[in-house]
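Novice: Sharing a structure here in structure tokens format.
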């Protein structure tokens, strides 16, 4: 029932209301907003339906209005989103937590950058004073009122300017360049202060704990990338959930008596619950930051609805992928509820997107980290 309701919301209600909110903000279309909202929803449905054509996501025997048709298409979008976020998070988490990647920032570096910022601000004030004095002088001489108009007039005024007079256009260009430089210096100064706070935080007990977590997640990241590569190259999907497999290896290695089936079920469900809570929380935090960054009075409704759409697709995809983390008998129940989908395709697609996202994140963070120490060293 939950699955049917959320699919109804994701495919019919939220897209229609997004279109309605967009059309309501356009004055020319306001009177016919219902008609244009329907047209936007039909456009969405066309592209949503065409999305399933390139992917082997279900068997041909399913009807047009079957639940498998909707889940399969929503799953492609949601799994792609999950893989992108997981790939970036697997790399960014150890990079953020580990003190190894922190730059060595001293008070001398911060003072030098602040001194440059103050010098730049003094130069901006000085040049604006020159511009104000030049304008007052021109006004007193009557040059403002008698200034020739047009392109040739501007060239003539520049070519025949009186000795000692200021070229306001050139000074304004210099002021614009200095103001842009001052903005960059301010951001770099704030970045240095933030880095210094992170260095001090890393020396505390909590900071050392997160540093340890960073090393743990870095090992997990390397293992996950390696396993994703193996899965892609050899076209394989795991048959046993990770908890059961780990308990079996531990029991066989230690040679102890242990009810693997009983405990694997409980530990699997606890692990699945933790995965769901942490992943949904991480997604909500990321989307909230995105919302605060781009929202306005007119676009806030549309952005909230888009976030709801993404959230719903993320949930459906979580059900698709978490199926492999559960014991076989419970995995079979989820398979019966979701229908005859090509589950192997989704796991392979997740591995491909995860690998691309993780490698791209490694490259991006490497370049950012390589250039960061040289920011405040610019002469």
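Keep in mind that glycine also has a Cβ here, set from the backbone N, Cα and C atoms.
Remember, it's a predicted structure, so these values are computed and weren't measured experimentally.
Per TrEMBL, domain 'Golgi pH regulator conserved' is recorded for 66-131. Positions annotated as domain 'Abscisic acid G-protein coupled receptor-like' by TrEMBL: 201-370. Under the heading transmembrane segment, TrEMBL lists 6-22, 34-51, 71-93, 212-234, 267-292, 304-326, 346-368.
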Novice: If you run through the domain 'Golgi pH regulator conserved' (66-131) with DSSP, how many residues end up as helix, strand and coil?
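Specialist: The domain 'Golgi pH regulator conserved' (66-131) comes out at 59 helix, 0 strand, 7 coil.
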Novice: If you average per-residue pLDDT over the domain 'Golgi pH regulator conserved' (66-131), what number do you get?
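Specialist: Result for the domain 'Golgi pH regulator conserved' (66-131): average pLDDT 82.
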Novice: Which bits of the chain, at least 6 residues beyond where the transmembrane segment (346-368) starts or stops, bring a Cβ under 8 A of a Cβ in it?
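Specialist: Residues 55, 57, 75-76, 79-80, 82-88, 90-92, 95, 221, 224-225, 228-229, 231-232, 235, 237, 317, 320-321, 324.
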Novice: Applying the under-8 angstroms CB criterion, which one of 6-22, 34-51, 212-234 scores highest with the transmembrane segment (304-326)?
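Specialist: By Cβ pairs under 8 Å, 6-22 leads among 6-22, 34-51, 212-234.
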